[in-house]
Amino acid sequence: MIRMLDHTADVGFEVRAPTREALFETAREGLLRLMFQHPPTQGSATREVTLQAPDLEFLLVRWLNELIYLVQTAGFVPARAAITITEDAQGFTLRARLEGQPFDAEAMGWQGEIKSATFHGLEVRPETSGWWARVVLDV
Amino acid sequence: MDNVPFERLDRYTYRIPRHGKMWVDAVFYANDEILAQLEAEGYASLKQLVNVATLPGIVGPALAMPDIHWGYGFPIGGVAAFDPTAGGVVSPGGVGFDINCGVRLLTTRLTREDLEPRKTRLADALYRRVPAGVGSARRDVRWSPKDLKTVLREGARALVAQGFGEAADLERIESGGRLPLADPDRVSARALERGGPQLGTLGSGNHFLEVQYVDEVYDPEAAEAYGLWVGQVTVLIHTGSRGLGHQVCQDYVERFLQAARRYGIELVDRQLAAAPIESPEGQDYLHAMAAAANFAFANRQLITHNVRLAFEDAGFLPRDHQLRVLYDLAHNNAKFEEYAGRRVLVHRKGATRAFGPGAPDVPPAFRTVGQPVLVPGDMGRYSFVLAGTPGAMTRTFGSSCHGAGRQMSRHKAKKAARKRNLIAELEAQGILVRAASRATVDEEMPEAYKDVASVVDVVHGAGIGKKVARLRPLIVVKG
């Protein structure tokens, strides 16, 4: 579940999913929906991503920022992600195998640049039947 | 009042007295219309201003200009000064993601009538010469990592040295187009990777390139000093440090979140992540931020060069157009300045430096009238040129507003624009739009912004800026 948030200067969304991994995958989808009118849902190119962070909120910001970088600088649009998240004494590690396509502004209906995911109003929390998160992005 | 108690000090000035964890009072500037907008958003931006006042070493008051709106961490329109010798902090969230985002105004010797027959040619040439939107990468000029580091160290000067512009341009840029603290070695490899291909590009969002004409002069003396006259064609460039600056901000917000804990700085909002100015983290950020600021100055310099070429493409010889930099100023940075004998680090996030008459950092030609303050509005209405005042020096750490401020979320604007053809509407008003995507034009529709005239009237009325001239758009290039 993705709910877009209205923020006067920026944009944001809330996501809900049954697992932590699904939450991060849904957040990827939310980000792509902000970036593109027709975000791709599959692709033949692949990329591996590994990210570490002291907590899940930090990890979510890093994840979204990594995706922004991949789209805007590497020209790779991540259409799907197989994610695992592990926890140890240092915090959390996210490993993702991304399937995607080369950036195509016209075909994908590019809607404009996003500068970054922010820590403002950021929240990731477990619920009785899964996980919930909210994130604000600077556009 | 929803937990933000404030009182009116005079017609345009409001004070939030120190309470809770605030170290100092907060002051903001508004009229009835702006107050109603603040109320409508549940005083979210005033709460952010209160949060700024809780940061260590703040030299009060925490300030907000009349274009204040809800940001993240600091409100947009926020100004705050910190004393390095009193544990004062630096906060990347107080500068923003787009480090040294700013505006540059170019003047020409052309009149609106001179331009009219070649307007379409010029619009197309500008769109071709100045990459906008994504893909906003230049393919014609490539910067080796070594050259890019020179740009980060030298700012606009590095570009002029390579033939992109004239030495005279540099005299009309805030800080001469170069912040001396810059150290490219404190900028991450990823920031360099993101910025390299983007030098000389506009980007998207609220950034733009506008050809305009002066339609009204309010202060003949200042207008003469600035070289502005009714009917004159001008060019306004609004852009910043692109992916390079965004990455520097990201890198340091993450690092500061950890540092803040170590220095015992209690953060009421994580996006306010801060570190003492004198700490190794604080110093690293200030040097990296200056490098990103220099990238932004250089970015506007390369765009200026390409604007000159575009005018030539449209058939105007250099001696006909005589494009000159009137001024280039930043509205997202942190700078060391001195007020009442005290050296402080002034953060301006969505706020403009507005030094008054006599200030040494103001170009000699403007020193009797104060520095030009450039205030863009929306693409359908107008922008303003103001002059810095003595009042700004005593009340706002030499600061003024930076724009209109949004009043409609991007989502709402897009929805409202869906059934309209904004590009055709603007064309019917004589404004040619060239845009990389319709979505950006829709999001940036004039109604999405407050009327900048209202903001400027508050600044003028409060004495923290003086109205000089109004500019109306003729051509708009958007990402």
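In case you wondered, yes, glycine gets a Cβ from its N, Cα and C as well.
Please treat TrEMBL annotations as automatic predictions, because they have not gone through curation.
Quantities reported herein were computed from a predicted structural model and do not represent experimental measurements.
Here is what TrEMBL records for this protein:
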ACT_SITE  B:His402  active site, GMP-histidine intermediate
BINDING   B:Asp98, B:His207  Mn(2+) 1 binding site
BINDING   B:206-210, B:331-332, B:376-379, B:Ser383, B:402-405, B:Lys478  GMP binding site
BINDING   B:His238, B:His331  Mn(2+) 2 binding site
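Features recorded in TrEMBL, as mapped to the structure shown.
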| residue | record | Cβ neighbours (10 Å) |
| --- | --- | --- |
| B:Asp98 | Mn(2+) 1 binding site | 29 |
| B:Asn206 | GMP binding site | 26 |
| B:His207 | Mn(2+) 1 binding site | 27 |
| B:Leu209 | GMP binding site | 26 |
| B:His238 | Mn(2+) 2 binding site | 24 |
| B:His331 | Mn(2+) 2 binding site | 31 |
| B:Asn332 | GMP binding site | 29 |
| B:Asp378 | GMP binding site | 23 |
| B:His402 | active site, GMP-histidine intermediate | 30 |
| B:Gly405 | GMP binding site | 26 |
Run a quick check on B:Asp98, B:His331, B:Asp378: which of these binding-site residues have any Cβ-Cβ distance to chain A under 8 Å? B:Asp98
DSSP, reduced to three states, assigns B:Asn332 (GMP binding site) to strand
B:Asn332 (GMP binding site): which of the binding-site residues B:Asp98, B:His207, B:His238 is the nearest Cα neighbour? B:Asp98
Checking the contact step here: among the recorded positions B:Asp98, B:His238, B:His331, B:His402, which have a Cα within 10 Å of the Cα of B:Asn206 (GMP binding site)? B:His238
For B:Leu209 (GMP binding site), identify the closest of the recorded positions B:Asp98, B:His238, B:His331, B:His402, judging by Cα separation. B:His238
Rounded Cα distance in angstrom between B:Asp98 (Mn(2+) 1 binding site) and B:Gly405 (GMP binding site) is 16
